Structures are given as C-alpha cells and as structure tokens.
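Quick look at what TrEMBL lists:
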- A:73-123: domain 'NADH-Ubiquinone oxidoreductase (complex I) chain 5 N-terminal' (DOMAIN)
- A:141-429: domain 'NADH:quinone oxidoreductase/Mrp antiporter transmembrane' (DOMAIN)
- A:37-58: transmembrane segment (TRANSMEM)
- A:90-110: transmembrane segment (TRANSMEM)
- A:122-139: transmembrane segment (TRANSMEM)
- A:215-233: transmembrane segment (TRANSMEM)
- A:254-272: transmembrane segment (TRANSMEM)
- A:284-305: transmembrane segment (TRANSMEM)
- A:340-358: transmembrane segment (TRANSMEM)
- A:378-397: transmembrane segment (TRANSMEM)
- A:417-434: transmembrane segment (TRANSMEM)
- A:472-492: transmembrane segment (TRANSMEM)
- A:521-543: transmembrane segment (TRANSMEM)
- A:626-645: transmembrane segment (TRANSMEM)
Amino acid sequence: MMWLAKDPVLLAASACATLPFVSMVVILIFTRRYRSMSAAISISAIAACLLSALYLLWTLRHAPEPVQYQWAWIVSNDMIIPFGFLLDRLSLLMLTIVAVIAFLVQVYSLGYMAGDPGFSRYYAFQSLFAWAMMTMVIAPGMLQLYIFWELVGLASYLLIGFYYEKWSASQAGKKAFVMTRLGDIGFFLGIIAVLLGFGDLGILSMNEAAQAHRIAPSVVTLSALLIFCGVVGKSAQFPLLTWLPDAMEGPTPVSALLHSATMVAAGVYMMSRIFPFFAASPDAMAVTLFIGTVTMLLASTMAMVAYDIKQVWAYSTISQLGFMVMALGAGGYFAGVFHLTTHAGFKALLFLCSGIFIHEYHTNDMREIGRGGGRKLIIPMVCMTVGALALSGIFPLSGFFSKEAIMGVLAAKPNKVWLVAGLLGALMTAYYSFRLIFMILFPRQPAHHDAAHQGTGHDDHGHEAGHHGATFWAMAWPVMILAGITLVLGFFHKDLEHFLLGAGPAVHEAEFHGEGAGHGLGHYVLLFSAVSLALGGIVWAWLEFGRKGAAQEGFLRRYPKVEALFANRWYIDHAYRWLLDHLVYGGFTNLFTRNDRRVIDGAIDGICRFTVGGGRVVSFLQSGMVQYNLVLMVAGVGAVILFFVL
Amino acid sequence: MLMTAMEFAQFPVLSVILFSTILALVVILLIPDDRPQLVKQVSLGFAAVGLALCLYVYFAYDTQKGGLQFVERVLWVKSLGIYYFLGVDGINVPMLLLTAVVLFTGVLTMWELERRVKEYFALTYLLVAGVYGVFMSMDLFFIFVWYDVSLFPMYPLIAIWGGTRKEYGAMKLTLYLLAGSVLILPGILYLWAVAGAHTFDLFELQRMGFDVNVQRIAFLMLYLGFGVLAGVWPFHTWSPVGHVAAPTAVSMIHAGVLMKLGAYGILRVGMTLCPDGLVYWSDLMALLATIGIVYGAFVGLAQTDLKYVIGYSSVSHMGIVGLGLATMTVDGINGAVFQMFSHGVMTALFFSAVGYIYDKTHTKMIPELGGLSKTMPKASAFFIIAAFCGIGVPCMSSFWAELLVFISAVKTYPIRGILAVSGLVVSALFMLRVVQKTFYGEKNPRWEHIPDVPLSLASPRIILVGILVFFGLFPRLILDVIQSAVIPFVNSL
Amino acid sequence: MNSLSVYLVLGAVLFSLGLFGVILRRNLIGMLISIELMLNGANLNFMAFNRFLAPEPAVGQIVTLFVMGIAAAEAAIGLSIILALFRRLHSINVEQARRLEG
C-alpha cells in the first residue's frame, strides 16, 4: 500500500473506483437494518469521491499529457484486458459532474426516501451506481468501459425496479435492461471488430491510430457504427428510445441522477471519449447526425402532449441527448461535451424540483400539482423555472451557451437541414417546458374545488415544513445548489472550451470546421434566431397555457390523430410489442418449444415405445412353460451341431 | 518452509481425495439408521476435508511450471496396459475445486433432509467418487470406469428422492447417459486397438498419434458420447427433465458438476487424442453449440417451472462451453474451461436457491409464486444474483468466460459468433422475466407465513455467491491456472 | 460292435430317455429324475472313454465324481425349489408355474 501513499493522484483515482463499491458491500451485508448508518456510509463514500474528483481536477488541470495507470485484469494468451485509470481533461470533467450530481442526489434522497422500507437497499444501489459510473468514466480501455457500462445498466435496472412490488416498475426495469442490452450487443461486437481489425483497445491508442489513418477505413466505419449501437441503447436514441420514459417508474432522485444527468449521458460521453475515432469515419458521423436529429425531433413531439411531469422531462432528456449526438455527429466535440455538462446540471435540477412536488402532492400529473397549489412551494418553483429557462436556451443561463455552440456547429454544415431541425427543436423545447411551468403556475380548475384543494395543499406544506423541516431542506439545498450552478456555469464557457480543447491537437482538428464558421456576422444572426425562436416558444406556451382565460389545451388538441401519434410515442412501443409477441414468443419460442416436445422428445419417446413394443411382441414367445423353452433349446443346439457337422 | 512443501508433494493427495469419498461412503453405511444427524455431520466432515485438500491442490499447483503435477502412476493390469494414473493440470484443477465446493454446499443444502438420510448421502458420495475419478484419471480405462460409476447413482437418487415425474426423469436421464457411454466405450477401445501399444495411458496414446481417418471416426464417437452428458443440442432434453425431477442437491451436483464431466471428456479425451478429428468436426461443434445457446434461451422463455428454466439456461450456457472448445484457440478454450467452472457454481446457486423456496412453498411453478421478495428477501436475493450471473453481468465470474468465448468465436466463426452473442439479449429477457414473475410484484398472502432463510441454511448460498463474485473481480486467479494447461494444449493441436 | 460302442449307445439311450422325460413330463419331480438320467448318461460316456481310450490320467473318473457331486447339489436345490413352489401353488405340475409368461 506504500505506493498508494506516494502517489496522491493514484490514491484519489483508486478512491473513486473502490469506495462506493465497499460502501455497497458493507450496506448490503451489514447495515441493512440500520437505515441512517447505511445512508451515512453511502454519502460519506460519495463525498470522499467528490473530494477526490475535485482534487484530481485541480491538480491535473494543466497536465499536458493524460495520466494513465494500468494493471492487467486478465491475461489470456496475448490478449490483455487492463484495469486502470485514464485521467485526462474529458474524463476529469465527467468524473466531477458525476460526483457532484451523485453527491447532491444522495443528500436529496435523505429527504425524498425518508421512511421508505427499502432505504438501505436504495443507498446500496446508489453506491453501486456511483462505483460503476465513476470507474467507467475513468476507464483507459474500451473493454473496461464496456464492463462498467454494463454494470451501470445493472444499477439502472435495480433502481428503476426499486419499487418492485409495483408491476409497472419491474416491467420498466426489465424493458430498460433488455433494450439497452440490445444496443450493447452492437457495442460488444464493435469492440471485437476493433480488436480484430486493430488489436488494441486502449482509448488513446485507438484515437491516435484512427486519426493517423493507421486503421483501415472500413474497419473504422464498421466498428464506429457498431459501437454507436451502444450509444443508441444507453442514451435512448432512435429506435431504442422508449425505455427511458418508462424508466421514470423509479424514484425521482434516481431519474434525476441516472436517467437524465449521468447514466444516459454515458452514451454521449463514450462517443466523445473516442471522438477522433468516430471523426475518422465520415459515414459513421453522418449516421450519427441523422439518428441524433430524428431522436431529438421525435422526443420533442412526444413531450408536447405528455401530462406526467416526469415523462415530460424524460422526453426532454431524450431530445437533449439527441442534440448532443447531433453536435458530435456534426463534428462539434466541444459543443457536445459542453451541452452534456450543462444539461447534467439543469436536468438534474428539473427532476429534483419535480421530485419535491411529487413528494408533496403524491401525484405525477402536472395538472393535479397545479391544482394542488404547486406554486406555493416557492423554492422548487423558482428553481424549476430557472431550469426550464436553461433548457429552453435563454440568456444568461447555462443552456443558452451550450445550445448556441451546437447551433454554431450545425450551421457550419453545408446542408442546412440539420440547422433547421435544430432550430425547430429549440422552439419545441421552449414550448413544452413552459407548457409544464405554466400549467403548474396557473392552474385552471373550477373555483368551487379550488379553495378546498389549495387549502389542503397549503396545509400539507405547512405540515411538512413544521414537522419534517429537515426532510424538506435536505431536498431544497441540493436543488438550490444546482440552480446556482445552472445560473453561473454558462459564463465559464470559454474557460471550459480552453480546458477541454487544450487537451490535444487531435481533437482540435476535428473541431476546426465547427468553430471557424461560428464567428462573424452569421454567428449573430444565428444567435438571434435561436434565442428568438426559444422566446417564441415560451410566448406560444404563454398564449395557450399561461394567460388569463387560456384554455390550457395545446394546439395539438385540434388534431387528435397527431396528438394520439405523439402520445403513443409514434407507436414505437406497439411495434416492439408486436415483434416480441409475434417473433419472440409466438415465433421462435413457440417453434423451439414445440420442437423440443414433439420432434426431439417425440423421437426419443418413440424409440423407447418401439423398444417396449418390440419386447411385447417378442414376449409372446414366452409361454412361461419351462419345457417349451427346453424344446427350443434342444432344437437350437441340434441346429448348431448340424451346422458344424455338415 | 520449502522442505515441508516438497514433502507434502510426495504425499498422494489426489488418491486421498478420491478414496476419502469412498471411505465416507463406507463410514456412512456403517452408521446406524436411527442417527440421521450423525450421517449429515459425517458427510459434512468428509466434504470439508475434500474441500480443504482441493483448495490445497488448487493453490499448490505451480502455474509457472505447468504440466501435470501431483502425479501418481502405477501399472495396474500389465497385459492390457491399464495404469492407475492420477494427475492434475490447469484444466482439471478448477474442476476438482468445483466438485469439492458443490459437494460441500450440496451437503449443507440438504441439511433438512429427513427421508432415508443414510442412503441418500451414501449414494451422493458414490456419485462424487466417480466425478473425482474422472477428473483426476489420466488413463482411458479408468476415465470410462469412473464415468460409469458417476452415472449409476443418478437413477436411485432421482427415482427415490425426486419430485415432479421422477420415474420418467430418472429413466430418461439414465437411458440418455448410458446411450452416451455406449458411444464412448467403443470409441476408446477403437483407439486402444488401433494404437496397438497395449496402453490406456492418455499421454502415451497422444504421443503415438493416430491416422486422420481414425481420428475422425473416434472423435465423432467421443464427441457425441460425452456430448450427451454436456447437454449438446439436440441431445439436451434429458437435462431439464432430469433436473426438474431430481432433489435439490442432486440437481446441484448434476448440473453443476456432472454436465461438466461431458465437456471435460470432450476436451480431455476427444480433443487430446484426436486433434485432426476436432479440426474436421469443429464446424459441426460450433454449429450445434450456437444452436444450443440461442435455442436454450428461447425455450427458456416459455417455461413456467423454475427448475425447467434453470435447465434450459444450462443448455444455453453449456452451448457457450461447446462454442469455446470448437474455436480451438487459447482464448476460446480458456473461456470454455472458465465457463465450466463458473456455470457449475452458478447453477449450484440456482438450484440451491430454488431448493429452499420449494422446500417451504412446495411449488416451483412461477405463476403460483410471485411477490416472493416481500416475504423472503434473502432467499430471493440468491436466485436474483444467480440470474444476474446467468445474464452475464460483469464482475461475476461467468462474464469473463463468456467474454473470452465470444471474442474468439466471432474471430473464428463470425456468423455463428454473432448469433451466439445476440443470444445474450434473449437470455437477458428470459432470466429477467423469471425474476420478475417469481419475485417481484405484490406480496402474495399465500406465502406470508413463511420465514426467510436463516443464516445456517443460507450459508451454502453465501459461499457460492462469494465464489462467483470473487472470481468475477479477480479472474486472473483462475484464468492463469487454466491457461497454464491450455496454451501448451493448443500449441500441440 | 465293440464294447466302447455298447457303452456309448447305452449312454445315448439314457440321455435321450432323460431328455424325453424332461420335455414331456408335467410332474416336476419326474423332470428332476429325468435330469438325473441325463447326467448319468453323460457320466457313462465319461467312464467309457476313460476306460477304453485314456485310462491313465483317470480324468474321466474324476469328472464323473464331480458330476455326481453336482447332481446331489442340484437335486437338493431343485427339490427345495419344488417344495417352495408346492407351498405356493399347492401343486407340482409344471403347467401351474407360468409366472414368466410374457
């Protein structure tokens, strides 16, 4: 252990990669009965990780070269799978994001999960997630990344299905696991393709080799596309996007941490991790851009008609992930990562605020919350508005800067379709987020009901504040911190850009197109149009939901077919259901089961029956009379003798 | 320190392991009928001794040196060239450990057995003696004899202590396995006769080498013969039926260890003696294995009996072993042997977990259970952990095995490899479906009165989970051992 | 016709009579007696060959003694089986003992 103490960087990295795991094991084995102890263990582990992450970020902020540690995890012949840490600017940034949000969410959960019978289990799974996520982020090789990627998926499964007595929750967990697994098959095959075509799975060497065109272009394209399947699964891109809204069955802090801020962003992170590799294949980039755009638009339309507050944010997460994938696909490395960063902040904020409402009013329906007097909860209401503004991309919140960066990248594309799609997305984003805000702020409900409801809502609040003061503040503080981050993060735009792009010339080059065209007059036109579209979306939402006497019925009400299409997620789930029923259960399973019963077992049983039947037939010769047997025997012997004599 | 180690190496530790089981059998038979508790204690004691010795062999095995170690070789029948020849290398060391672990946990799992305790444990020890014998012997004659010794006790064990359709299951299993050994015996005798050197010594025969045509015929016989026991598709249907019928610990030993005997036989006898036959038939092997992987998972989706589900998952997982062997690469065979070990531990855990549930609820039909997590969280957790291992969640030992096998399979047989990898989705679907339907959902009032598993009864499951996670986190501890035998083996192909 | 042939013919006749009896008699005791006849036919052959062809080693006599011993044992076992059957079936008719019928 001496070597650990000598190298504080290694010590800090190892802390991130072990402490939460230890915490999980300890909680599961020893402290399941002692709730507060479990929470304390888990939170102190994540706090230590947070400190380590900040320390690493601070110490290595000027490091010219990535710091890398590796040990052989398994060695099979000449294949070595290492376990280790790769600490460069990207991974440090992501590590910090994960640690900060995981820490805040775990603190928040103290309030949100208070009194839940599975409290200790919850913290154990949270630790599992933190461990897997952080070790994934600092993975130096694709296989380690894949391994922890899968473990993150496991944590997601366990946390989505946390309320396992609820059928829909366990169903959602299963769906999430299987759908991401579908993408991961592609990811795994992509890794094998890299292994076979190139031979080294180290992230740095892969990037370098792809950049220097030392890998055959066909290999790069094939493996990049296969690896992108993993992104499609984990980051809920089209066509594997429907698991994410279902994943909202999990506790709200889980949705905030896993299914908006960090885990689903893992796909985007992985893509930026091997961005130069992707960038070496224009075909793969084109596919990426296309998928990202489709996802972004589809998810935005779904969000426009949802009434479940968490569903809206879930669709919005999908569409923002689509934005990030678009940015990366268009060659905007920084834009993608920056949006990932800001999105992690404001989306966690939005979810955590919604969590407070849900905790208070025991409903997910935004109309109910509005009627219940949601606006009386000042802190979450204000914070949620801040988050919604950031999501819509309004100056000076963090979302503004990152969205501008993406628009800049898209504008640099010769084909303006992508830019138009992006602007349309921005408009819809502003519309659906403020639709939600206005519905909670200005509840539209008969007056007779109003007073009573408001009263109880108020009472509840007072009750909560008086009785569970600590509970409420455990939830409020993280929310306020996140709101603060959302407010100021945008101004570090240039610093972050400098920090990330200082990383290496390789990334810089890929960035070149995007940044070059972003400046100048076109830049201001673009900036203006994006902001005005976002404002337009807000005004539109105001006209339909906010102003006095507004019907609070979206314009889509007038097109019931379209509304049904959006509300049913473009019937993607129906298609999956159909495939599952007809292809898997009705098709192969049925066929194979019958084959087992009829053909294989039938043949075997047939042989047995034939044997038994043959025995029956032959047994007619057995009359049971000893003397008949004797006669036959004598005859037989006689025959043998005759045979030999003659 | 070095001296004591050297001295101990002279000690015939393998024979001691082997004959301790037979001694256990005799001792158990001598115990009076009315003292079942003593029978259990004696069984546990012998199992613990075996486990300790196997652990010693495992850790004392020198991976740097490799090759056969702890060798004991005595000429037994001169005219036929039969040797009493025991030895371990990197391939069977993990198998011995697996056998010892499964026996130990199996005895603990059956701690609450009440019917015909003495006979049960005696037969178990007979079974295990056969298993140890096959794993240790390096002489074809003894391999075959021990192999049949291990098959025989299955019939009474299932037919007397079994459950669902026990006579049918026992009969089907016995017939299938004997049909397999009907193919093995001529295969072995054919090779012995062709060699004409009057020796059953595996390595002498290997050095002699055989004609390509001889190898092709002999390998096919050995592959199919041992393959029946390894659950190769389409000879797999005995396995779910047999597992369902068998009592808990017999399922554990059977699925956990006995099925490995088949794969081990293919590797140790078939592939060692007939490398050219392997080359010729490897396409077929890979095809059957791939079908098994995908097929097992799909059929598993339709099952409603917990044990059937596990049975079909075994078919699927043993397909991975077969695929790894068929690749004929170091990675593939490494993965296959590793998978044999981890699948053994995993299925033992599966059956052990189901055993407790079945003992208490007297049903293993999935629709009747449901919501068990609420009433018995710990008992359910063991099954769920095993299911995760079966899905191939990382940091559980079978993940590494699957990883190695799939990498080399995609390399060697791209299309079949990709199909097999895609099978992972189906296996995830079917495992999670079972977990959901059995353990999740509303609390089922029917099982409310059932106590959760106490620590004493949970101990075998805890050991198994510990092994799965331990080798999942530190795979090198086992892979380096396996590799020390596999690399020279593949080079000699 | 020399004397050896006489003994052989006599032995063959004894053997055939015994065989005839074993096959045709329905009485178990009768069958047992017939078996004794067959054995004695064989014994006669042994003795005759011993006497006329290979007198020195006296192997034929030894075998004959051996057969007599076996015949005694066989009779004992056979009679006990017959006794057991009689207890069960109250008859010593072989037609009653047809449990082996397929």
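Every residue, even glycine, has its Cβ placed from backbone N, Cα and C.
Listed stretches A:37-58, A:215-233, A:284-305, A:626-645 were compared with the transmembrane segment (A:90-110); the greatest number of C-beta pairs under 8 angstroms is found for A:37-58.
Outside the transmembrane segment (A:378-397), and at least 6 residues removed from its termini, the chain residues within Cβ reach (under 8 Å) are 316, 320, 342, 345-347, 349-350, 353-354, 356-357, 403-404, 426, 429-430, 433-434, 436-437, 440-441, 476, 479-480, 482-483, 486-487, 490-491, 530-531, 534-535, 537-538.
Using the rule of three or more Cβ pairs under 8 Å, pairs at least 6 apart in sequence, the transmembrane segment (A:417-434) is not in contact with the transmembrane segment (A:254-272). Between the transmembrane segment (A:122-139) and the stretches A:215-233, A:254-272, A:284-305, A:521-543, A:626-645, Cβ pairs under 8 Å are most numerous for A:254-272.
Residues 93-94, 97, 101, 104-105, 108, 112, 252-253, 255-257, 260-262, 265, 268-269, 272, 309-310, 313, 316-317, 320, 324, 364, 369, 374, 377, 379-381, 383-384, 386-388, 390-391, 397-399, 401-402, 440, 472, 475-476, 478-479, 482-483, 485-486, 489-490, 496 of the same chain lie 6+ residues outside the transmembrane segment (A:340-358) yet bring a C-beta within less than 8 angstroms of a C-beta in it. Each residue in the domain 'NADH-Ubiquinone oxidoreductase (complex I) chain 5 N-terminal' (A:73-123) gets a DSSP state, and the totals come to 29 helix, 13 strand, 9 coil.
Looking just at the domain 'NADH-Ubiquinone oxidoreductase (complex I) chain 5 N-terminal' (A:73-123), the mean pLDDT is 89.
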